[in-house]
């Protein structure tokens, strides 16, 4: 970016008189700076290991959207999208500016959010920490040198983990603050080193801008494409297997977390992956394992300080250990980040109750119902301040924490896309079988991969099915390469009466949760849920 443009954009946010500003450094120099500044250390595999302190996940209670004329009407205000007064945000921004001006060094990354030039955002990220600049460089899409010369930011993200907010003085919930101002086009992140806040804040921005300004459907999903051009989408919350299942050596990865679906096809918002790596092994997830090398960031992963060997099984810091790396580290990843319309759409859920079938075929109405329901399990450590190890939860559209607009807006966009392009839809349970969490076992990843391959190949559509008596789902009687005994969840429980009781309880939870959507959906969708 031209220095005059940089100066003008930052001064427009009240930021001036900075110390040394390091712009768009390559990974090696950012790693070097991180080690020099003692922000992290190198592991034996070459990755940079950084710790985030007590905030080892997102801080949803501390996320706000500035209420103004642009957001007052369309935003779905509530516990997820909490309003924040513009004048208070101005004061916090001034605090952040003063804080930045007192730092000896600041790291700035210019990047794209969105692989399709028609819809992408130019994002300028200003970081207190060099390792967060490395994270940003590897996770966002990287402009060429020529593009950087002409780069002008649409949005600015300011990440100052060392600035702790004061609830009494600043009107925040805690010392942490994540605020989005759609008027000034700025994101302010204070009091947390968890780097996922940077990427998810811009995801929230895209989830507002793309539907309202471009008619593009934003999705919390991973995506891959086969040699024949057949595209598959994988929806699901953190820990349900989006990254794992879309990283298939027989297919080409488009992206692991955030995509848009336009009239021309799908496109990745990002240029990298942010994979959970608790219990990671080369045997189970070879692509992810091999992508963790020099230039990658390991977040809250335990490392032996003497040997520098990584222990992916150690959850003493958090279950939410993460690896951030660029897509180019995945062999066969789609460089363009773009592909055609999806043939198969998969909803992933980690069912903590252990009662949902491992695979179900969804009608268009059921697709809308289960998309709006967004049922999964909130696994330990994917958010800060969690009280239970596992908590069953409903997160609309498999991404409620990141959706500024009403959930029914996104569901209507999905239904329209499925109708227009004839995409098939499935529900995949990557959670528990044979009992609830703590009693049953997690569905084997190898079996889940076989189910996914059968779905993509179209083999499921030719299989005979039975109707699940509790949820009305069509469940295949057989799937190639998968033991038929696990396809009927009731048969995997030693105590069938206990299964019936647990299934009825979950069905009740679905019905209770869906009441808030009933007035905003067609009758067919209202009737597509559990039938007991």
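Backbone N, Cα and C atoms are what each Cβ position is placed from, and that goes for glycine too.
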Of 214, 220, the one that Swiss-Prot places in the same Mn(2+) site as 200, 257 is 220
Joining 194, 200, 322 at the substrate site recorded in Swiss-Prot, out of 38, 58, 453, is 58
Same-chain, non-site residues whose Cβ lies within 8 A of the 200, 220, 257 Cβ center for Mn(2+) are 199, 203, 258, 399, 402
Rounded Cα distance, in Å, between residue 58 (substrate binding site) and residue 443 (ATP binding site) is 27
Whole-number Å distance separating the Cα atoms of residue 240 (ATP binding site) and residue 322 (substrate binding site) is 14
With residue 242 (ATP binding site) as reference and a Cα-Cα limit of 10 Å, the qualifying binding-site residues from 194, 200, 322 are none
Candidates 194, 236, 238, 244, 322, 443 (binding-site residues) passing the 10 Å Cα cutoff around residue 257 (Mn(2+) binding site) are 236, 238
